[in-house]
Amino acid sequence: MASHFRSYIWDPVLIISQIVLMQCIYYSFLGLWLVGVDSLVQVRPNRSLDQIFSYEVLGFSTVQGRLSMMAFILNSLTCALGLWFFIRRGKQCLDFTVTVHFFHMIGCWIYNSHLPAALAWWLVNMACIALMAVIGEYLCMRTELRAIPVNSGPKSNL
C-alpha cells in the first residue's frame, strides 16, 4: 500500500481560489505600498492606475519612478508572506509567483494596448519574481521542515 503522507490531491477550485487570493493580495498591498511610499516622502503624484499598470512610470531617472520601483520591491516581500500564509507549500511558491506576475503583465498589456517596452519594467518585475519566490519558498520550507513533536511519555490506557 502506498503512503499518503503529504499526498497532493488535484483540486482546481482550491488552486483557482488561491490564484485569485494571491492576485488580490498583490494589487491591494501594491496600492498600499504606493500610497505609503508617496506619503512618506511628501510626494503628491497623480494617484491613478498608471502607477500600477503603466510601464512608463517605472524608471531610474525620476523620483516618482524610483519610488514606484521601491513600492514594487516592497510588495514582493509582502506577497512572499502571502505565499507563506495561504499557499504553504514550498514547491508551489514559484508557480504562484510566476502566475501573479504573468497576470500582471497581461493587465499591463491590456491597459497600455501593447506589451511593456521599458527595460526598467522588465528588470523590476524579474527582481520581484526572484524575491517573492525565494523568500516565499524559504518561509514555506522552514515551516514544512519544522520538527514534528512526538510524545515520548508513558502510554496509558491501551
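Please read every residue number as a count from 1 along the shown chain.
In case you wondered, yes, glycine gets a Cβ from its N, Cα and C as well.
Here TrEMBL flags 12-35, 67-87, 94-112, 118-140 as transmembrane segment.
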What residues in the same chain, six or more past the boundaries of the transmembrane segment (118-140), come closer than 8 Å to it by Cβ-Cβ distance?
55-56, 58-60, 65, 69, 72-73, 75-77, 79-84, 87-90, 93-94, 96-98, 100-101, 104-105, 108
Contacting positions for the transmembrane segment (67-87) when only residues 6+ beyond its ends and CB under 8 Å are counted:
18, 21-22, 25-26, 29-30, 33-34, 36-38, 41, 43, 51, 57-60, 93, 96-97, 100, 120, 124-125, 127-129, 131-133, 135-137, 139-140, 143
Distal contacts, the transmembrane segment (94-112) - CB-CB under 8 A, six or more residues away:
18-19, 22-23, 26, 49, 53-55, 79, 83, 87, 121, 125, 128-129, 132-133, 136-137
